[in-house]
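Here the structure is laid out as structure tokens; the discussion comes afterwards.
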Amino acid sequence: MQSWHALSVAEVKRILAEQPRNYGTNELKDFETVPWYSMLARQFANLLIGVLLFAMALSFFLGDLWDALAILAIVIFNGLLGFFQEWQAETTIQKLKSLLSPLCYILRNGEKELIDVKKLLPGDCVLLQEGNIVPADIRVTHAVDLLVNEAELTGESASVAKGIESLPEKTILTDRRNIAFMGTHIVSGHGEGLVVEIGMNTEFGRIAQLTGTIKETKTKLQHQLETLGKQFGLLALLISSLVIIAGVLGGKNIITMLMTGISLAVSAIPEGLPAVVTIALALGAKRMAHKRVLLRRLQAAETLGAVSVICTDKTGTLTRNEMTVQKIWTADGVFSVTGTGYEPHGNFQKEGVVIEPKSYPELIALLTTGQKCNHASIKKIDLQWQAIGSPDEAALIVAAIKAGLEISHNPVIREFAFDSTRKRMSTVEETEAYHIVHVKGAPEAILDRSTHFLIGKEEKELTKDYREHLENAYIAFAKQGLRTLAIARKIIPKEPQITLQDAETNLTFLGVIGLFDPPRSEAPLALLQAKQAGIRVIMITGDSPITAQAIATQLGLDIEKIVTSKEISELTDLALCQLLEQKILFARTVPQDKFRIVKLLQSLGNLTAMTGDGVNDAPSLKQADIGIAMGIRGTDVARSAADMVLSDDNFASIIAAIEEGRRQYANIRKFILYLAASNTGELLAILINIVIGGPLILMPIQILWINLVTDSATAISLSLEQAETTIMKQPPRQINQPIFDKKALFLLGLFGSYLSLTASFLYHFYLNESYEAANTMSFTAIVVMANILTLNFRSFQKPMSEIGWFSNKWLLTAIISMIALQIAVVYLPVLQPIFHTVPLSRLNWGVIVLCALPLFLIPEVYKRTREL
């Protein structure tokens with residue numbers, strides 16, 4: 001790849017002239033996407049669905065139309081649910097395209113021409129004007145006060161002044177001041193440049209390439225549920241096949257054995273589990289939306305709960321991305337300025353005491369020059385003050401307003417634009433009596449041209465000792481993480497012609513301004529909560545190490561080492577992995593650095609979240625286990641690549657989302673155990689009855705009713721259980737933590753055995769009355785017992801008196817509703833033939849309730865006695 005920044009303008013022109021002109025179009029290519037029909041088809045390509053389809057076909061063949069229709073409805077419902085869940089078209093590339101200006105001006109054959117940016121070719125001379133979006137990677141050949149905002153690409157919040165001088169070949173992306181990058185915004189000034197890279201060869205295009213080729217990975221819960229489904233399916237096939245074969249070899253009717261096999265298969269498979277999990281995640285997503293967190297991918301919620309590392313950008317994420325004048329140094333001392341952002345309200349203080357700025361001539365002179373040597377303004381848009389133009393210059397305007405300065409209407413008759421060689425800019429103001437040259441720039445560049453300094457209203461000679469004093473002043477500001485800007489002026493007689501030499505020599509040094517991008521007020525507490533929850537926070541920023549360190553200190557981040565992009569590029573993966581084990585901060589980074597850091601963190605076993613708002617963050621957002629984009633300041637690209645979006649750009653919302661994610665995973669695990677316990681009870685009841693030679697204890701339609709209606713409704717309600725009070729005082733769960741640990745398997749065996757033995761006892765006890773009565777008793781008993789069983793899964797440690805009897809009203813409503821529906825199934829004549837039921841007496845119901853009560857009372861007594 002050509003290092004265009006390292007070449008002179010003449011060399012760039014020569015190389016471009018020698019290259020062929022068959023480059024293609026200046027656009028970002030689409031990557032291969034999965035067609036909708038393939039996405040729909042793969043919803044049905046798994047073992048669980050295959051078993052259900054086989055059961056449906058067999059039921060239809062045997063004449064059980066209701067069973068067949070019920071199973072078909074299950075398959076279609078689950079398939080459509082999965083399809084709509086996945087139907088999130090990958091729009092990252094389209095959003096990248098939307099950032100580009102559709103038209104631009106070029107010079108061809110000496111003529112100014114307006115063309116579609118897609119038709120740009122390397123070698124074209126593009127006119128760069130204020131407000132434009134740069135249409136390609138362009139080597140600047142002419143610049144007049146050309147300032148470009150590259151925050152979306154590099155993460156650097158300050159506008160970058162562009163010049164024409166060549167740079168060292170190893171200059172990092174953030175310091176390539178002679179290249180205007182595709183997709184960045186021209187804040188002020190104008191210029192020209194030669195197109196050197198187009199389309200996918202631009203820096204923007206490389207990010208698109210990196211983002212588009214990252215494959216979506218499944219969450220741990222998705223893998224666990226897939227494994228669980230396969231295990232249940234294989235178990236169902238194995239047991240059903242063995243029972244059918246044994247029965248037929250034993251001389252039993254093949255139709256009877258096939259129906260028995262279907263019942264076993266249906267009882268072994270938790271048909272409602274995929275739908276229940278999806279609905280639970282959707283309800284959780286709705287809860288997150290109320291907390292200003294929008295999920296683009298439902299599974300992101302449970303993954304978020306296991307996050308162990310958050311990689312966060314500084315600008316606009318931990319800070320407000322609003323430059324603010326915080327401190328001012330003059331010969332009369334250091335002044336502090338209150339207020340943050342572009343809100344033009346605040347006061348000036350000296351040594352902690354509020355002062356009247358107009359009483360300090362040096363301060364007023366400095367603010368006046370900052371106001372006149374300026375192209376920016378501020379405007380209130382949608383109740384919020386925003387910068388129009390350079391953020392740094394807008395901050396100077398705000399400071400002047402806070403001081404009560406009126407806008408000077410004297411004309412500016414000359415301007416000497418900023419360039420990277422001089423590192424300063426100047427304007428010439430015409431007054432009635434004389435001209436005033438206003439100068440601002442890098443402190444060393446201003447001090448080098450100064451011969452005097454202002455104290456009071458008197459200009460005094462700048463001695464060597466006082467020059468060192470000034471140097472110490474701006475170095476002290478820099479160490480505090482402030483961006484420093486020096487201000488000077490020069491009063492000269494009115495002259496028709498003013499040269500650059502006349503304007504920027506023998507200056508009077510007025511002072512130094514310390515600019516700051518303030519941290520978000522909510523960020524320090526959010527970072528503390530993350531630490532208490534066992535989550536590491538790593539700042540990755542494009543800003544300077546000093547600025548990043550200062551922000552980190554203010555936010556309470558404990559940093560042991562700061563590493564820059566240049567250092568990252570020189571480190572092996574092994575060396576960088578070792579650094580990632582430390583309390584580290586990354587500064588002056590480029591997009592490839594962030595992507596590499598996230599991948600290495602994942603290789604170390606960390607479940608990693610990445611926050612960001614710019615184009616530069618898109619690859620990392622997509623690579624991370626959880627990509628978190630800012631909703632207000634975030635670009636469309638970042639929001640499209642992310643798994644979740646913060647609608648208020650509030651870092652504290654991430655912590656609220658993590659808490660919600662932990663709650664959701666805990667509740668999902670609870671209802672999976674509950675559903676598995678209920679299915680275990682059904683399966684064992686049927687097996688026990690087969691072993692002792694009895695008739696079919698549960699019909700397939702009854703099992704489907706239990707699995708899909710009564711169990712699923714209470715399981716969904718169980719997902720709405722409140723979080724445990726200590727949930728954010730615990731470290732993140734291990735990535736490989738199984739759903740069924742030893743304790744879970746014990747509970748499955750215990751509760752499943754009780755359900756099966758009780759149902760079998762009731763069945764055989766009432767079999768003397770009739771098969772229908774026995775079947776209805778066992779069917780209804782399992783429904784009632786399973787609903788009562790949910791109360792045990794609300795908490796594995798605390799009794800009901802502590803968590804509150806009515807703290808989950810949805811669950812109580814679900815239990816009452818499901819029992820009411822079961823009553824309807826038992827007594828309504830229209831439903832009796834479908835579900836093979838007969839009416840039960842009050843005594844029958846009393847027996848069922850007595851059988852169900854131990855499922856609640858014994859665990860409740862155990863929980864209470866354990867706490868004593």
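Just so it is clear, glycine is given a Cβ too, placed from its N, Cα and C backbone atoms.
If you check TrEMBL, you get these features:
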{"type": "DOMAIN", "residues": "3-64", "note": "domain 'Cation-transporting P-type ATPase N-terminal'"}
{"type": "TRANSMEM", "residues": "44-62", "note": "transmembrane segment"}
{"type": "TRANSMEM", "residues": "68-87", "note": "transmembrane segment"}
{"type": "TRANSMEM", "residues": "232-251", "note": "transmembrane segment"}
{"type": "TRANSMEM", "residues": "257-283", "note": "transmembrane segment"}
{"type": "TRANSMEM", "residues": "671-697", "note": "transmembrane segment"}
{"type": "TRANSMEM", "residues": "703-723", "note": "transmembrane segment"}
{"type": "TRANSMEM", "residues": "744-767", "note": "transmembrane segment"}
{"type": "TRANSMEM", "residues": "773-790", "note": "transmembrane segment"}
{"type": "TRANSMEM", "residues": "810-831", "note": "transmembrane segment"}
{"type": "TRANSMEM", "residues": "843-862", "note": "transmembrane segment"}
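Using a cut-off of 8 Å between Cβ atoms, the transmembrane segment (671-697) and the transmembrane segment (810-831) share fewer than three residue pairs, counting only pairs 6 or more apart in sequence. Among 703-723, 773-790, 810-831, 773-790 has the largest number of CB pairs under 8 A with the transmembrane segment (744-767). Long-range contacts of the transmembrane segment (810-831) within its own chain (CB-CB distance under 8 A, at least 6 residues past either end) are made by residues 705, 709-710, 713-714, 716-718, 720-721, 776, 780, 783-784, 787-788, 790-791, 794, 837-840.
Here the transmembrane segment (773-790) has Cβ contacts under 8 Å with residues 674, 677-678, 681-682, 685, 696-699, 702, 705-706, 710-711, 714-715, 717-718, 751, 754-755, 758-760, 762-767, 811, 814-815, 818-819, 822, 826, 835-838, 840, 844, 847-849, 851-853, 855-856 of the same chain, all six or more residues outside its ends. For the transmembrane segment (843-862), the list of distant contacts is 751, 754, 758, 762, 766, 777, 780-781, 784-785, 788-789, 791-792, 799-800: same-chain residues at least six beyond its ends, Cβ to Cβ under 8 Å. Mean model confidence of the domain 'Cation-transporting P-type ATPase N-terminal' (3-64) amounts to 71 (pLDDT, 0 to 100 scale).
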